[in-house]
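S.K.: Straight from Swiss-Prot, here's the annotation block:
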- 1-30: topological domain 'Extracellular' (TOPO_DOM)
- Asn5: N-linked glycosylation site (CARBOHYD)
- Asn12: N-linked glycosylation site (CARBOHYD)
- Asn19: N-linked glycosylation site (CARBOHYD)
- 31-53: transmembrane segment (TRANSMEM)
- 54-64: topological domain 'Cytoplasmic' (TOPO_DOM)
- 65-86: transmembrane segment (TRANSMEM)
- 87-103: topological domain 'Extracellular' (TOPO_DOM)
- Cys101-Cys179: disulfide bond (DISULFID)
- 104-124: transmembrane segment (TRANSMEM)
- 125-143: topological domain 'Cytoplasmic' (TOPO_DOM)
- 144-165: transmembrane segment (TRANSMEM)
- 166-209: topological domain 'Extracellular' (TOPO_DOM)
- 210-230: transmembrane segment (TRANSMEM)
- 231-246: topological domain 'Cytoplasmic' (TOPO_DOM)
- 247-268: transmembrane segment (TRANSMEM)
- 269-283: topological domain 'Extracellular' (TOPO_DOM)
- Asn272: N-linked glycosylation site (CARBOHYD)
- 284-303: transmembrane segment (TRANSMEM)
- 304-333: topological domain 'Cytoplasmic' (TOPO_DOM)
Amino acid sequence: MDLINSTDYLINASTLVRNSTQFLAPASKMIIALSLYISSIIGTITNGLYLWVLRFKMKQTVNTLLFFHLILSYFISTMILPFMATSQLQDNHWNFGTALCKVFNGTLSLGMFTSVFFLSAIGLDRYLLTLHPVWSQQHRTPRWASSIVLGVWISAAALSIPYLIFRQTHHDRKGKVTCQNNYAVSTNWESKEMQALRQWIHVACFISRFLLGFLLPFFIIIFCYERVASKVKERSLFKSSKPFKVMMTAIISFFVCWMPYHIHQGLLLTMNQSLLLELTLILTVLTTSFNTIFSPTLYLFVGENFKKVFKKSILALFESTFSEDSSVERTQT
């Protein structure tokens with residue numbers, strides 16, 4: 001995965017390092033770096049607070065368990081933002097070494113896959129709870145949710161391994177070090193055969209990432225919530241619309257925030273430096289930062305009257321947001 005560094009494979013020796021951010025104006029680079037630093041500070045504090053409340057101050061339910069790990073995926077993503085910002089300020093020079101280069105890319109991939117997988121799991125959980133209440137009463141337990149959580153982390157880690165392997169540091173002739181993908185895992189950067197291999201692997205990685213990390217979860221979530229919405233409209237199962245609003249907010253925020261990333265990665269395949277490529281890169285950095293920082297806050301405040309929110313304690317707000325909907329659990333199909 002590439003947010004700041006867009007170099008994936010090489011066309012010829014004169015374009016040994018192709019990085020779209022080289023074309024960014026200094027003001028744009030400063031805005032991106034400042035946004036990343038601020039997002040890192042805010043995200044660490046807010047997401048850390050949310051995790052503490054969900055883990056130690058609330059009863060462990062399927063809801064709280066799934067949302068805890070969803071927010072944990074966002075918290076992990078905030079840990080890499082300072083590295084992105086520092087590299088951005090140094091014109092994408094990477095001075096943290098090869099090991100951190102690999103960890104950086106692997107963590108970025110892990111954060112993306114886990115967040116979308118947990119959003120899908122939350123959608124499936126709501127689908128089962130609403131349309132299969134009898135099965136849910138018998139099987140939908142924190143232990144069952146723990147197995148789902150374990151499966152999500154294992155799947156996301158497995159899908160992130162290639163990006164951990166392919167990521168390497170590259171030294172150009174001017175002494176600049178970049179953290180970039182070397183899909184052929186070869187030190188022969190100028191070989192035409194290796195360039196062609198890198199291109200094919202890059203295309204394969206893009207397609208698999210787009211299908212598994214975006215398109216398939218999108219269809220799963222759309223199916224689940226279409227069925228849930230139909231059932232809710234038919235029987236008026238929920239006491240309030242808050243649970244549905246919380247999940248829809250999580251879904252919309254994720255797809256709005258990650259869509260620019262996939263568009264940017266698709267544009268990279270065209271190998272054309274353009275204003276659109278530059279704009280999508282800036283938008284990608286800003287929206288993914290927003291996703292990791294503000295999405296958890298939206299879960300808490302959506303559907304609430306702000307005057308009431310500010311009068312509530314943090315714990316009461318969490319309990320109101322993530323409480324199980326008992327009316328759905330009791331409904332029989």
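Glycine is treated like the rest: Cβ placed from N, Cα and C.
Tell me about the surroundings of these features in the structure.
M.R.: Residues 24, 68, 71-72, 74-75, 77-79, 81-82, 84-86, 88-89, 282, 285-286, 289-290, 292-293, 296-297, 300, 314-315, 318 of the same chain sit 6 or more residues outside the transmembrane segment (31-53) yet have a Cβ under 8 Å from a Cβ within it.
Counting residue by residue with DSSP, the topological domain 'Cytoplasmic' (54-64) contains 7 helix, 0 strand, 4 coil.
Classification of Cys101 (disulfide bond) by DSSP places it within a helix.
Long-range contacts of the transmembrane segment (104-124) within the same chain: residues 1-3, 66-67, 69-70, 72-74, 76-77, 79-80, 83-84, 96, 148, 152-153, 155-157, 159-161, 163-164, 166-167, 179, 181, 212-214, 217, 220-221, 224-225, 247, 250-251, 254, 258, 261, 291-292, each at least 6 residues beyond the stretch ends and with a Cβ under 8 Å from a Cβ of the stretch.
In the topological domain 'Cytoplasmic' (125-143), the DSSP tally of helix, strand and coil residues is 16 helix, 0 strand, 3 coil.
Residues 1, 62, 65-66, 69, 102-103, 105-106, 108-110, 113-114, 117-118, 121, 125, 181, 185, 205, 208-209, 212-213 of the same chain lie 6 or more positions beyond the ends of the transmembrane segment (144-165) yet place their CB under 8 Å from a CB of it.
Across the residues of the topological domain 'Extracellular' (166-209), the predicted structure has a mean pLDDT of 82.
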S.K.: Looking only at Cys101, Cys179, which of these disulfide-bonded residues has the biggest number of Cβ atoms within 10 Å around its Cβ?
M.R.: Cys179
S.K.: With DSSP as the yardstick, break the topological domain 'Extracellular' (166-209) down into helix, strand and coil residue counts.
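M.R.: Tallied per class, the topological domain 'Extracellular' (166-209) gives 19 helix, 10 strand, 15 coil.
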